[in-house]
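Please read the structure below before turning to the comments.
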């Protein structure tokens, strides 16, 4: 009972010390709670794509839980440092290590209960609010979030484990420290770190390697595989950069005549002697800022890029497909019959005869493109070919195409990075069948396509007969691969969204005796895509908030700890003649360095990763350079503004502590 009373009184009297720790605990608890409550809610199952969203939420829960533990350990170590003198006095007065640990345990247990109660209440409110945002994001129509009690128990259990880990850390430090160590812990200074050329060189090598991987990536597939390696190199390089470079820079400043000005002298000396602690803190802030920007840019890029990908695959409102192109009635006739039967209007009807994703090796030999065997050709020549007839393109609104004879074709390099040499080609040798290339096409409208991660080529044939002959020769040549290609017919048309259900019903009745024709609406494809990608964007949003809050908490703790350490030093300096204005100027100089350096390095990291990020976004259809650049710039501006607000608030905290 005595220990409980002491623990309770300690928390009441030392609320200013406990408040930052409780704030960090509750903030991270709410973020974890929101993710768990939405991920495990029965309401998710009532939304389109709910199962995939639930899986993404559970994945994000693991990331947030690990991140929360790191923030809690950081916060608790700061709290322990502030209270070490108090524990040292308890030990000197004969309280004993066992009872001190018991008091620390009860303080943590009370903190856990407060975190659980306040965090759950706030978590429920925020969960419902963010769920409304999430449902609107994915285009859903079910807005009632049911909180699963198991989610509350899960988060409570996770945080119970976290606080138990904190207890073990606290108990270990108390047991291994003597009374004198505890008394001196909060006030002892850092030894001046030595310049380490090895770490400086290692930092440059790691950063250069990470940047090199990011800047030399050529295609989306290799970008994804390289991304995590580059991230690890940059993270370690950033830590070593701060440990080595900042010490070297500050020691260089000591050699300048300007060092002996009061403001420079105090700032440089205090930063240098605490650089061991500052280096890790600045590196953490830089990495969290970089993660915030990357997470938000990738999430928004995927969201908008996936929408473009659907629109590229379906250039018009609706599409009917058939794998039996030579059926008795054309797909446009079927579409018109369904429209007449349902009393709806369709417009811009076009029928396309197309074969997609024909994979083979095409070797560019001077002015001729030669089809080669898959087993014997160079892998760099592997190309995905799309074939279409001239009549199909004209039907789709491409009226200015020249006429073609049976031995003539047109081509278009549809790769992400078209080969300039393709414009010089004059002939295609397709397993012995030779075609003259009449024209290299510049632009094509209303042709279904997709994202290509490798070389791709569009070939336009004069008619179905020539196209079928080429496909047949491909199937004969590659028959040993058990891989057969067949053309399909597509009917594309525009239709009012409000009449889609009526049209669909009539279409089913007209095609009831055939399972070959399939009707797809672009609005439904977009809704499915939003449901899948919306969950990813929402998770990116939550993680982005988590990372920026993590950076804010670290900055806040740095200002508190440094303010407490500098208070005594500045008091002495004022007593020996330093004016209040000079103190304020010195404080602003030091805080500005802490603020601007991580921000500058984070922006440089993102700039270095931009090409790799843009390549990764290509996988999701975000191949619009202007779109990705706009998203990146707006995200950077938003993060800089948020960070500036953090700077303004925390610098005032630091100044008030020092000036008190």
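Backbone N, Cα and C atoms are what each Cβ position is placed from, and that goes for glycine too.
For reference, TrEMBL has these:
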| type | residues | note |
| --- | --- | --- |
| DOMAIN | 59-179 | domain 'ABC3 transporter permease C-terminal' |
| TRANSMEM | 21-40 | transmembrane segment |
| TRANSMEM | 60-79 | transmembrane segment |
| TRANSMEM | 100-131 | transmembrane segment |
| TRANSMEM | 151-175 | transmembrane segment |
| TRANSMEM | 196-215 | transmembrane segment |
| TRANSMEM | 227-250 | transmembrane segment |
| TRANSMEM | 281-304 | transmembrane segment |
| TRANSMEM | 533-557 | transmembrane segment |
| TRANSMEM | 594-613 | transmembrane segment |
| TRANSMEM | 625-646 | transmembrane segment |
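When pLDDT is averaged over the domain 'ABC3 transporter permease C-terminal' (59-179), the result is 81. By the Cβ criterion (under 8 Å, sequence separation of 6 or more), the transmembrane segment (196-215) is not in contact with the transmembrane segment (60-79), since fewer than 3 such pairs are found. Below 8 A, the CB atoms of the transmembrane segment (21-40) and the transmembrane segment (281-304) form no more than two pairs separated by six or more positions in the chain, fewer than 3 in all. Residues of the same chain lying 6 or more positions beyond the ends of the transmembrane segment (151-175) and with a Cβ under 8 Å from any Cβ of it are 25, 29, 32-33, 36-37, 39-41, 65, 68-69, 72-73, 76-77, 80, 87, 97, 100-101, 104-105, 108-109, 111-112, 115-116, 119-120, 123, 182.
Taking DSSP states H, G and I as helix and E and B as strand, the domain 'ABC3 transporter permease C-terminal' (59-179) has 105 helix, 0 strand, 16 coil. Comparing 60-79, 281-304, 533-557, 594-613 for CB pairs under 8 angstroms to the transmembrane segment (625-646), the maximum falls on 281-304. Between the transmembrane segment (594-613) and the transmembrane segment (281-304) there are at least 3 Cβ pairs closer than 8 Å, counting only pairs 6 or more residues apart in sequence, which means the two stretches are in contact. For the transmembrane segment (60-79), same-chain residues at least 6 beyond its ends with a Cβ under 8 Å from one of its own Cβ atoms are 17-18, 20-21, 24-25, 28-29, 31-32, 35-36, 39, 158, 162-163, 165-166, 169-170, 284, 539, 542-543, 546-547, 550, 553-554, 557, 560-561.
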